[in-house]
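Novice: Below: one structure in structure tokens.
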Amino acid sequence: MVSLITTPTLLWASGVYLLWQNKKSCECFIYRDDIGQRQGIKGYEEQAMINKFHWPHERYFGSYSALVLRRGFKVFTRSCNTCHAMTQNKYDFLIKKAFRQGELGEIVKELAPVNPGHWYIKGWFRHEWMDRPKRISDYMFSPYISPDHARSANGGLFPSDLSRIGISKPGGPAYVYNIMTGYHYEPPFGIDVPEGKHFNPYFKHMIIGMPRPLYDGMMEYDDGTPASTPQMAYDVAEFCHFMAAKDNLEYRIAWLKFFMMIVISFPFCYFRFKIAKTAMLSMRVELYNVSDGYRKYKYFNRFYKLKRSFGWMRQHPSNFFIGK
């Protein structure tokens, strides 16, 4: 017990002593206490949300902004979808939530065509023998038609699928946001970045093969929002979470209606059952030994017919009596 208390104290005291002795900033240490936090990282990235960094799904009745989803889809198609794919999501999921059907169809036709090799990635066999323009009913395939094609174009690395990255990583969309905005850090002393790799403190091993995908002003939003790196990262992070969670305000309102129906109907069902139970337990049934010489209407059979007329459970009256 003493060691559990004294050991952290000695370590803290020795650290403070060394800090005052050297009087120099530690250049080979990086403090990452905000990895996976929903607020994102502090500093340069706070330009995206000045007042409070939040995500709409944190509130029960929080709804995704159609403008954010439209901007995030544009960032995904212009930057992310050039290498990554969402093979578990379709374009038509965005209908009525961010785009109209005709508008989305015109955008999708301009993307990379669908190749028969894409269906092989899904494990399906379809009678398609050549490239064709994409439709809104297609999955969000990448331009690569096979894993080998993707590895040969990316230095031996296979771009991961982004279908569930919005919910599968710690922090959810904050993970995507941190990765997109974590390239401005300089690698500390002691970490060697190989050629062709990049330093990102929010990646698993801090060394990531993907180059910086977002730059200020690399595209123009239709609504006039400044396309800064934090803004584009926020938009695409929320878009990834929306496509991964398959959640929207309509489902939450439907669940709310269901629970309200249960809460409202429960008192009526409870008191109705209580009344029926009380009436059943308080009913008095008398049995008389009436013999008219005809066995069909003697004893229990007469009582059984009476019980059946009441509509109770069809059990023989002998089950209600212990004696013979």
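Note: Cβ is positioned from N, Cα and C throughout, glycine not excepted.
TrEMBL annotations: computationally assigned, not manually curated.
Note that the structure is a prediction, hence the values are computed from the model and not measured.
I grabbed these lines from TrEMBL:
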BINDING   C80, C83, H84, M210  heme c binding site
TRANSMEM  253-273  transmembrane segment
Novice: Can you list the residues of the same chain, besides C80, C83, H84, M210, whose Cβ falls within 8 Å of the heme c site's Cβ centroid?
Specialist: S79, N81, T82, P159, S160, L162, P213
Novice: Compile a sequence-ordered list of residues in the same chain as M210 (heme c binding site), six or more apart from it, whose Cβ lies below 8 A from its Cβ; state 'none' when nothing qualifies.
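Specialist: Expected: C83, P159, H198.
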Novice: How many Å separate the two farthest-apart Cα atoms among the heme c-binding residues C80, C83, H84, M210?
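Specialist: Greatest Cα separation within the listed binding residues comes to 11 Å.
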Novice: Enter the number of other CB atoms within 10 angstroms of the CB of C80 (heme c binding site).
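Specialist: For C80 (heme c binding site), the count of other Cβ atoms within 10 Å is 25.
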